[in-house]
Amino acid sequence: MSNRRTFAIISHPDAGKTTLTEKLLLQGGAIHQAGQVKARGEARRARSDWMKIEQQRGISVTSSVMTFEKEFAEIGGGETITFNLLDTPGHEDFSEDTYRTLTAVDSAIMVIDAAKGIEPQTRKLFEVCRLRSVPIITFVNKVDREGRDPFETLDEVADMLALDVSPQMWPIGMGGLFEGLLDFRTGEVARPEGGSKEYLGKRDGDAEIPEDYEEEYQLAQAGYPEFNLEAYRNGDLTPVYFGSALKNFGVEELIDAIARHAPPPRPQPAGEERITPDHDEVTGFIFKVQANMDPNHRDRIAFMRQVSGTFKRGMKLTPSGLGKPIAVHSPILFFAQDREIADTAEPGDIIGIPNHGTLRVGDTLSEKDKIRFTGLPNFAPEILRRVQLKDPTKTKQLRKALDDLSEEGVIQVFYPEIGGSSIVGVVGQLQLDVLISRLSAEYKVEANLEASPFATARWLKGSDEALREFERFNQGNLAKDRDGDMVFMAKSAWDVGYQEEKNPDLKFSATKER
Ligand code: GDP
């Protein structure tokens, strides 16, 4: 079995994702952090404006990859597990980037604030995981503070997310009364003592568990389903851990749970086929493209999730849509300890491939150029704006910029069949700020964003005849996306429903699969 665990953390802002990430990296031997790779030499000095937005707002617009490893004496007779943690931006305004990152992981950790329970963004991200049956381990954070009754939190997860919950630990008191954690698997009680933990002993042995809590554990163990690996891997059950990222408590148990239960690299759908990690060639797909920090050089890093084979530096891979192979001479592998250039990579790993715009989000890379991965969606934008040029002579530059930026996944662009100005679509407000500042900094295009009459968009699928018929009556509501595919621009959700009913021969899709 593969020793890779590729996962992401999903949470609402402030739940403790950053703190937990740090502790995970500390506990495991952090090998490399993507952020350090990017900023080198010239690039460090010349940061483009959108990076400034990140700094000003103190948020991270871009996702990165962090790799760490840890030895587990108990697993498979002593195994070193390599963890690839894909960071998802933790801001309320999240983008397609975030969604797409979740297409590149095999599992997720859902961090919940013990006092707040399930919050809106947790829920949204959870829904994306559910779409792909991504298995989830729940971490209820901040038990060192006054929180809700753990039963309440468990029931909320079960009810709001329609998931079976299976507690694996139990907090002995919370906040000022917090005395430690009981691990259901080992039966051990541990409590924080100046950062490290001290075992108080086995629960049925000489442990000093306050009697008031005894009844609670009994209830917790009896009242919820037992952990079941298959149900977890199918995304039907979530094991729940409690802890404090800040106090580094429960984090070791969490890493242990990922190593033990989280799935190794999973097969990836390619049409009718499923490509497994032992497939006889290197394959992967691009889930993210990031422009370099240097605005004068249009270099990008494309992030490839490796699906199969053993990658070797210098290998030739053919990107779908390009038709000719490219040699990957200087891949950035986040696994690489003190080398920045990787020599080999395995399924589950992420490879950064520098390029000048040849690689696009959703592209498949392979040695034989026969496979096309499917199921990497574009999501229907929730915010649509009309782009108005301040200087009308810059139409060409604008088009180039919008095409580039949509290729990177920063925005989606729609060209209406009637009317001149382009419409951009995003799933979060922040993307619009990024758009305006990058247009100006990198393309010298000054533009305003104005209200558009449309509220959302749906990709249309159907026979040519059905599409032509629809076009005849709805030209004012039709646009082409960057690939020339037809999109219905809807004024409201009601509008979508109405047209769906009226046109049963057409499929109105909220995602576009490439
Ligand atoms: P993020 O927005 O999800 O990345 O959250 P952060 O990791 O930045 O944490 C938000 C705030 O909660 C910070 O002030 C942290 O110090 C605090 N925090 C995180 N984990 C814990 C915890 O386990 N206990 C307590 N008391 N505070 C925490």
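Just so you know, glycine gets a Cβ as well, placed from its N, Cα and C.
Taken from TrEMBL, the feature GTP binding site applies to 11-18, 87-91, 141-144. Cβ contacts within 10 Å of K17 (GTP binding site), excluding its own Cβ and spanning all protein chains shown: 23.
Using a 10 Å radius centred on the Cβ of S11 (GTP binding site) and all shown protein chains, the other Cβ atoms total 24. According to its DSSP assignment, S11 (GTP binding site) is in a strand. Among the binding-site residues S11, D14, K17, T88, the ones whose Cβ sits under 6 Å from an atom of ligand 1 are, in sequence order, S11, D14, K17.
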